[in-house]
Amino acid sequence: MHLLLVQLLVLLPLGKADLCVDGCQSQGSLSFPLLERGRRDLHVANHEEAEDKPDLFVAVPHLMGTSLAGEGQRQRGKMLSRLGRFWKKPETEFYPPRDVESDHVSSGMQAVTQPADGRKVERSPLQEEAKRFWHRFMFRKGPAFQGVILPIKSHEVHWETCRTVPFNQTIAHEDCQKVVVQNNLCFGKCSSIRFPGEGADAHSFCSHCSPTKFTTVHLMLNCTSPTPVVKMVMQVEECQCMVKTERGEERLLLAGSQGSFIPGLPASKTNP
């Protein structure tokens with residue numbers, strides 16, 4: 001009797017285990033097709049939903065109107081606000097504000113492109129000032145020479161200097177071919193001084209950056225008229241500050257500075 005009870009106690013858990021194995025296998029076999037069917041249904045539903053809803057991150061400007069574009073922008077802004085800072089960073093990087101973009105464009109228009117090694121390139125305000133100086137004191141012949149840029153350094157505009165600046169001088173005459181001559185102009189600023197006194201005893205000295213060494217060249221132009229046309233051109237080689245007093249006396253200022261000289265004007269003196 002006791003032996004029979006022991007056998008029943010041993011066989012009872014084994015029977016439950018067999019039933020559980022069969023039931024679990026049948027349940028697993030049933031749940032796997034259900035899972036695959038659910039996945040297919042979910043994929044189809046997501047695909048249909050994706051076809052119905054437009055992509056918020058793709059815009060076709062030529063296919064949408066202003067109202068649709070504005071609605072897309074609003075939806076995109078809402079979505080980005082929900083996603084948080086992770087999506088806002090690329091938004092600010094790829095779409096900068098208008099004021100930042102305008103500042104970048106304006107600075108790019110005004111500044112010269114810097115080289116790759118990081119060295120600063122000299123900007124051109126002084127070249128523009130030199131060009132205005134050129135128009136005001138050198139030519140005054142209209143807009144024909146507006147594109148001329150002189151190789152003048154920035155510090156030379158503010159300090160006292162006097163030197164030769166190379167440029168291409170165009171010699172022109174009516175019914176004649178233009179001739180371009182390599183020449184130099186005197187550029188700089190020179191000092192001025194006035195000694196105190198009364199009446200005739202007061203003396204004023206103004207120094208000018210003038211040529212101290214130059215040659216005069218007679219240039220014959222090729223013209224259609226039978227009368228030959230000859231132009232006199234002053235080719236400047238060296239420049240220094242020349243002092244001119246109120247009485248018309250002109251002499252070299254050894255410890256002086258700078259002024260301006262117009263090439264081509266007739267000179268009263270020729271200094272070798």
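Glycine residues also receive a Cβ, built from the backbone N, Cα and C atoms like all the rest.
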* **Per Swiss-Prot, cysteine bonded by disulfide to CYS223 (from CYS162, CYS176, CYS186, CYS190)** => CYS176
* Asked: Looking only at CYS20, CYS24, CYS241, which is named in Swiss-Prot as the disulfide mate of CYS190?
  -> CYS241
* Bond partner of CYS209 - disulfide, per Swiss-Prot - picked from CYS24, CYS162 -> CYS162
* When the Cα-Cα distance from CYS241 (disulfide bond) is computed for each of the recorded positions CYS186, CYS209, ASN222, CYS223, which gives the smallest value? -> CYS209
* Asked: When the domain 'CTCK' (162-246) is classified with DSSP, how many of its residues are helical, how many are strand and how many are coil?
  -> 3 helix, 62 strand, 20 coil
* To the nearest whole angstrom, what is the C-alpha distance linking CYS209 (disulfide bond) and CYS239 (disulfide bond)? -> 6
